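Visitor: One structure is given below, represented as structure tokens, and several questions about it will come after.
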Amino acid sequence: MSQTRGRYDFCIGLVLAMSSSIFIGGSFILKKKGLLRLARKGSMRAGEGGHAYLKEWLWWAGLLSMGAGEVANFAAYAFAPATLVTPLGALSVLVSAILSSFFLNEKLNLHGKIGCLLSILGSTVMVIHAPQEEEVETLNEMSHKLGDPGFVVFATLVVIVSLILIFVVGPRHGQTNILVYITICSVIGALSVSCVKGLGIAIKELFAGKPVLTHPLSWILLLSLIVCVSTQINYLNRALDIFNTSIVTPIYYVIFTTSVLTCSAILFKEWQHMAADDIIGTFSGFLTIIVGIFLLHAFKDLNFTLANLPLSLRKDDRAANGTLLNTYDSFNHDEESSACLGEIQSTESLSARRNGSLSAF
């Protein structure tokens, strides 16, 4: 019965996580369509300080879609392991890229298509090898997990590192080093996911009729979540304002997901109940998603399609053959020149000997 219940919760969490990616990915398209409509009408654009988008129903549809996605993502943590839910957040980038090519006429080049395919394959592998059962079901169990010495040490290190980056490293190198602000967002994000996980369990208990509101852990988790999310938003916006979005997004995804997986392994000990092949499969899927996200973002401004591939190969072949031909011709020319020079020298030497010239000897 417990195993059946675990599989049922796993399926619910998986559906919620995928729905979250679809809603969040689609929200960007709806918002962009609304802003483009305002631009065609001649309204002051948001980048110039205008707020005409508040009257555009497409923009509101995008905002509601994003809200629905965040709620679904929040709920997914209550049913499925963080090891599964967090990496699947990459699918929102995939959905956004695919929908942009259809509805915004943004070209998706060959690298982007390969990146989308790799992201789908990596996500599938992670779903197959993710832990199937949830180990924490009540707030009391969550309280016991949070008091584990391993997690206490991890959380303490995260707070210390974050404070050093915020107050010491950030003012000096935050404007020039892309890793400073992104690292702050990512490591604190691991704690925020833990808070979301605990609050998701509290909501499940609340619906079951248990006195959750009187439990002090519920309010501690809520307060911690507000502080963590506020800090994340602040420093992520700083990173996006200073550096290129196409660079920030994949780096943030990699460091954030790695931090969450590490925190999940320490707090919930999900990895202890996984077989070796499942652990390898999870890491392989994660790395595949990373490569896919990198290809999708790093080369998105490159105008390269499948139709250009044969032409590019022919150019490479011609270039290679031309180099070999020039080398061969140059080699032959040098040989012919050496031979001619040798003949001239031999003729002059013979003539000199015939004339009795001493210089010949």
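The backbone N, Cα and C atoms fix where each Cβ goes, and this holds for glycine too.
No curator has checked TrEMBL annotations; they are predicted automatically.
Pulled the feature table from TrEMBL, pasting it below:
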type	residues	note
TRANSMEM	12-30	transmembrane segment
TRANSMEM	57-79	transmembrane segment
TRANSMEM	85-104	transmembrane segment
TRANSMEM	111-130	transmembrane segment
TRANSMEM	150-171	transmembrane segment
TRANSMEM	178-203	transmembrane segment
TRANSMEM	215-235	transmembrane segment
TRANSMEM	247-267	transmembrane segment
TRANSMEM	279-299	transmembrane segment
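What's the neighbourhood like for these features in this structure?
Guide: Residues 180-181, 183-184, 187-188, 190-191, 231, 235, 262-263, 266-267 of the same chain, all 6+ positions outside the transmembrane segment (150-171), place their C-beta atoms under 8 angstroms from a C-beta of that stretch.
Within the chain, the transmembrane segment (215-235) has long-range Cβ neighbours (under 8 A, six or more residues past its boundaries) at 139, 142-143, 146, 162, 166, 181-182, 184-185, 188-189, 191-192, 195-196, 198-199, 202.
Long-range Cβ contacts of the transmembrane segment (279-299) within its own chain (Cβ-Cβ under 8 Å, at least 6 residues beyond either end) map to 83, 87, 90, 93-94, 97, 109, 111-112, 114-126, 128-130, 246-247, 249-250, 253-254, 257, 261, 271.
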Visitor: What residues in the same chain, six or more past the boundaries of the transmembrane segment (85-104), come closer than 8 Å to it by Cβ-Cβ distance?
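Guide: Distant Cβ neighbours of the transmembrane segment (85-104) are 13-14, 17-18, 20-22, 24-26, 28-29, 32-33, 36, 69, 73, 76-77, 112, 115-116, 119-120, 122-123, 126-127, 193, 249, 253, 256-257, 260-261, 264, 285-286, 289, 292-293, 296-297.
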Visitor: Give residue numbers and ranges for long-range contacts of the transmembrane segment (12-30): same chain, 6 or more residues beyond its ends, CB-CB under 8 A.
Guide: 58-59, 61-63, 65-66, 68-70, 72-73, 75-81, 84-85, 88-96, 99-100, 103-104, 127
